[in-house]
Amino acid sequence: MTVDVKKVINHKIKPIEYNLTRKDVALYAISLGCGKKHLKFVYEGSDNFSALPTLGVIFPGQMIVDVISEGIDGIEFDPMMLLHGEQELEILNEIPVEGVFVTESKITNLYDKGKGALLILQCITSEKSSGKPIFKNIFSFFIRGIGGFGGDRGPNEKPIQIPKDRAPDAISKQATSEDQAVIYRLAGGDLNPLHIDPEMSKIGGFEVPILHGLCTYGIASRGVLEHFCDNDPSRLKSIKTRFTKHVYPGETIETEMWKINPTTILFQSKTNRDGSYVLSSGVAIIEPIKKGSL
């Protein structure tokens, strides 16, 4: 199979608009397990109603579906061979709880990993009325079976080293419901049938429909927000992780967190199924507590 890296990187992606409502903000929080104990995230009438920072991952959703279904110049692949490898979200400005947003996207790199290819997609989401950028997403997708085309292997980044000489500074446990993926697919905008249709999940090699990786990502970020940001969304500046294994709805996600310095939190997440880690090499950058704020 011929791969033309230049054509892939030059592939044009149309900007997309997203009309965000307060209801969307609340529903997204509910899809990550928030409830009546978290009114600032689920009740639009709350005086300090706020969006969870990882709301930023939902805006490029439809664009990604369109790109995968319509195809990418310079490369051919079976969408079933595409895996979401890593996710990085940077919060650039204060998050509005409603309004029209525009997401502009581009493919920045395609790396040859031998057994597959690593596609890097960058998305900038801005508030339409002001033009102010709010979120920057970097999606890393591994496409199985199309490597070996002689391309650049990409940077040799070493995995984040989680401290082994001390226990986590905080542990967050979040039980998911058996219907978690049913809710998240509507709130998070990922309508992939793999997460709801038993027949499609079997084709994908899973016993039952699996939970969205970005739902697990959002749940882990809630742990960081609660334990190190006092549930203040404005203090979470970026969060990045690697997806290492799937989660089945109904399992409990346990996120272990270490504070490395005033602004850096390392984390990893596992489930109660067999103790395997489902998120690894997690890094969150936070704003430290200002002196005199306590």
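Sequential numbering from 1, following the chain as shown.
Every residue gets a Cβ built from N, Cα and C, even glycine.
Note that the coordinates shown come from a computational prediction; the quantities given were computed from them, not determined experimentally.
Counting every protein chain shown, 17 other Cβ atoms lie within 10 Å of the Cβ of HIS84 ((3R)-3-hydroxydecanoyl-CoA binding site). Look at Swiss-Prot and you will find HIS84, GLY85, LYS113, ASP190, LEU191, ASN192, PRO193, LEU194, HIS195, GLY213, PHE243 tagged as (3R)-3-hydroxydecanoyl-CoA binding site, backed by similarity to another entry.
Here Swiss-Prot flags 165-269 as domain 'MaoC-like'.
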By the 10 Å Cβ-neighbour count, the most surrounded of the binding-site residues LYS113, HIS195 is HIS195
Diameter of the (3R)-3-hydroxydecanoyl-CoA binding set by C-alpha atoms, the set being HIS84, GLY85, LYS113, ASP190, LEU191, ASN192, PRO193, LEU194, HIS195, GLY213, PHE243, in angstrom: 28
What is the three-state DSSP composition of the domain 'MaoC-like' (165-269), stated as helix, strand and coil residue counts? 36 helix, 30 strand, 39 coil
